[in-house]
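Asker: Structure provided below as structure tokens; questions to follow.
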């Protein structure tokens, strides 16, 4: 295996997730921090989905997309957080080869799906503000379902390709992954093959995935800003911008963290881990807060849900 320096991926049965290079006594603090953040992710995203499904007034394309965003945030954080928390207590910190592959595949699937979903949400806001009279016709239930299904399809295709390329690499430098989950760059470090072609293909694939979503978001908001600036009343402009501010906040947090992560030099693995925390745990935690705190409809729906519950009790 990696111990002999001559093994390949077929002989590797498990990896070691090193996690954060801190003193052992700080692992308890990290465990509690991860537990707190993960509890907030569960509460926020399950709560958001519950509110959207139970309030008839939120039966609109915007909230259909938002419900799916909460679902994705919930599941891709669940791929990472529980295993990381287990490893804080474990001495071996091992993950099986198959477990690592599954974690990699699911995380890649959900994170790419979220990117496409955010692009679909930008298009939804573009239609709502720039063509409000045709909104109900253009953003039909069928189109919304197709956009969400297409997001998952693109995420799945991307994940299959990324997982296939990564886990066919020969791993012979070590079995120790210098990260708290199975990610592309830490796995590249323990491969003994020439990674030039792999990195070029991976970079090209990432560009094909990311660029269309960014282009859709940018063009949508260029039209939105142009339309909003033509609104004469300041109240009308404020209302139009408020419907987009939450989405822009989510886009900024996710893409900012991803770009920071992959533009950070690979020689700073600890910095990469901190950046990874932003889009694996912080973003799923913040998304429900951003939408609930800045969205009047969500706050009213939550208030009605709590009043209904108090009445039943």
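Cβ coordinates come from backbone N, Cα and C, glycine included.
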Asker: In TrEMBL, which of 4-27, 28-51 is labelled transmembrane segment?
Answerer: 28-51
Asker: Per TrEMBL, which of 174-193, 274-293 is transmembrane segment?
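Answerer: Matching range for transmembrane segment: 274-293.
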Asker: Is the transmembrane segment (28-51) in contact with the transmembrane segment (274-293), using three or more Cβ pairs under 8 angstroms as the rule and ignoring pairs under 6 apart in sequence?
Answerer: yes
